[in-house]
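Enquirer: A single structure is presented below for examination.
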Amino acid sequence: MSDPTCGDVLVLNVGSSSIKCAVFDSVLHEVLRGGIEGLGPQATLRLGVLRRDVEACDHRAALAVLLEALDAQGVLLGNLRVVGHRVVHGGPRLTQPVRITPQVRDEIALCTPLAPLHNPHHLAAMDALAALAPDLPQVACFDTGFHATNPEVALRYALPQELADNGLRRYGFHGLSYAGLVERLETLAGALPDRVLAFHLGNGASACAIRGGHSVATTMGYSPTDGLTMGTRCGSIDPSVVLRLAEERGIDGARHLLDHGSGLAGLSGGVSDMRTLEARGDPASRFAIDHFIYWARRHAGSLIAAMQGLDAIVFTGGIGENSAMIRAGILDGLTWAGARYDPAKNSRHAPRLHDDGTLVTAWVLPAEEERMIAQAARDLVIMA
Ligand code: ADP
């Protein structure tokens, strides 16, 4: 077992109401994982087996509590060699992991209008850490970066050029997860299949066409609201519906409905959790699941067209890794594209769902965003 005192890389995933963390050693063994949820006067700290209520009213306070708890478990701030941050939005220019300098920090701040609920919190954590440990290198890894290889025709909306120049274009998300899948699939399959259809299915859900290891199309767009039916987000929707909602409920009301009251929750009457929906089995829950599967298949068809065929399908994320029913539902709708799987292997969540000799292979792989961030941070700072 790894020794927490050898923590070299701290990975931080700072969200609006939580901070998740993972600690790795320099050969990328994970030594500790946890975080603080429900930021406020009664937040919950989890670190390894430890669980306790804490006061953490803002990100700065939460980070201080987290660092103290890490210290108590042998991960000393002074011993860390680098901190890697997941940054949701890098805009059009920040597409590769990068060491955080004042210039990079300013560039991330410039992307705030693109991710108003995320980038300010990332910056708060970076600033707080810089104040506590000015000499500790920090690295930013961008969830949008993997999709920078999409062709311009995939990235642009059919809007006038000046709007695209102003940032109104597609970006795509879940990029760190997809980059991790590519690495893991190459190792497991022996060689990377050319045309990979990847599904990251969690509370947020997206799919991506990956050709030769590079993203060529993805379902999320300007924001993570687009694409598949999700836990509480609506996915693809006619913009005229958005305009009508905005007229009737105001901008904030419309945004709240589309991001927090739609998707599985909207369809089922309030339940966004796939495991709960599967267990309930009432007509509304069943319809929500059918909608999720149907639109995953529909988007899959579009992605297969974008990469002109299909050689492998990969599932990850809480639903992708754990729901045999959803994987079967999606794969059963893609037999026309050559998808085949062994139901017994699917029930076991085996990494390899297909039998030998299958032309289009199917896989279940863990989402490894934190490890990808740790690897990038280590490579940029420790191995440099
Ligand atoms: P997030 O996008 O918040 O990181 P996760 O990747 O953790 O979310 O995925 C959460 C989703 O995974 C929830 O809908 C949850 O119900 C679903 N899930 C987890 N385990 C199972 C399971 N055994 N069967 C079906 N769904 C599951």
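Here, residue 1 is simply the first one shown, and the rest follow in order.
Backbone N, Cα and C atoms are what each Cβ position is placed from, and that goes for glycine too.
No curator has checked TrEMBL annotations; they are predicted automatically.
Owing to the predicted nature of the structure, the values given are computational and were not obtained by experimental measurement.
Okay, these came from TrEMBL:
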BINDING   ASN13, GLU369  Mg(2+) binding site
BINDING   LYS20, HIS200, LEU201, GLY202, ASN203, GLY204, ASP273, MET274, ARG275, GLY318, ILE319, GLY320, GLU321, ASN322  ATP binding site
BINDING   ARG86  substrate binding site
ACT_SITE  ASP143  active site, proton donor/acceptor
SITE      HIS174  site 'Transition state stabilizer'
SITE      ARG233  site 'Transition state stabilizer'
Enquirer: If you count the other Cβ atoms within 10 Å of each Cβ, which of the recorded positions LYS20, ARG86, HIS174, ARG275 comes out on top?
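Expert: Per the Cβ count within 10 Å, the most buried is HIS174.
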Enquirer: May I ask which of the binding-site residues LYS20, ARG275, ILE319 have a CB within less than 6 Å of any atom of ligand 1, listed in sequence order?
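Expert: So the answer is ARG275, ILE319.
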Enquirer: Need one number for the ATP-binding residues LYS20, HIS200, LEU201, GLY202, ASN203, GLY204, ASP273, MET274, ARG275, GLY318, ILE319, GLY320, GLU321, ASN322: the maximum pairwise CA distance in Å, whole number please.
Expert: 22
Enquirer: For a quick check of understanding: among the binding-site residues ASP273, GLU369, which residue's Cβ has the most other Cβ atoms within 10 Å?
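Expert: By the 10 Å Cβ neighbour count, GLU369 comes out on top.
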Enquirer: Of the binding-site residues ARG86, ASN203, GLU321, which one has its Cα closest to the Cα of ASN13 (Mg(2+) binding site)?
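Expert: Ranked by Cα distance from ASN13 (Mg(2+) binding site), first place goes to ARG86.
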Enquirer: Starting from the Cα of ARG233 (site 'Transition state stabilizer'), work out which of the binding-site residues (ARG86, ASN203, ARG275) are within 10 Å.
Expert: ASN203
Enquirer: On the three-state reduction of DSSP, what should I expect for GLU369 (Mg(2+) binding site)?
Expert: helix
Enquirer: If you measure C-alpha to C-alpha, which of LYS20, ASN203, ARG275, GLU369 (binding-site residues) come within 10 angstroms of HIS174 (site 'Transition state stabilizer')?
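Expert: Within 10 Å of HIS174 (site 'Transition state stabilizer'): GLU369.
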Enquirer: Would you count the other C-beta atoms found within 10 angstroms of the C-beta of GLU321 (ATP binding site) for me?
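Expert: Result for GLU321 (ATP binding site): 17 neighbouring Cβ atoms inside 10 Å.
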Enquirer: So, three-state DSSP: helix, strand or coil for ILE319 (ATP binding site)?
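Expert: Note: ILE319 (ATP binding site) is helical by DSSP.
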Enquirer: Can you tell which of ASN13, ASN203 has the most other C-beta atoms within 10 Å, given these are the binding-site residues?
Expert: ASN13
Enquirer: Using a 10 Å cut-off between Cα atoms, which of these binding-site residues sit near ASP143 (active site, proton donor/acceptor): LYS20, ARG86, ARG275, GLU321?
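Expert: Of everything listed, what lies within 10 Å of ASP143 (active site, proton donor/acceptor) (Cα to Cα) is ARG86.
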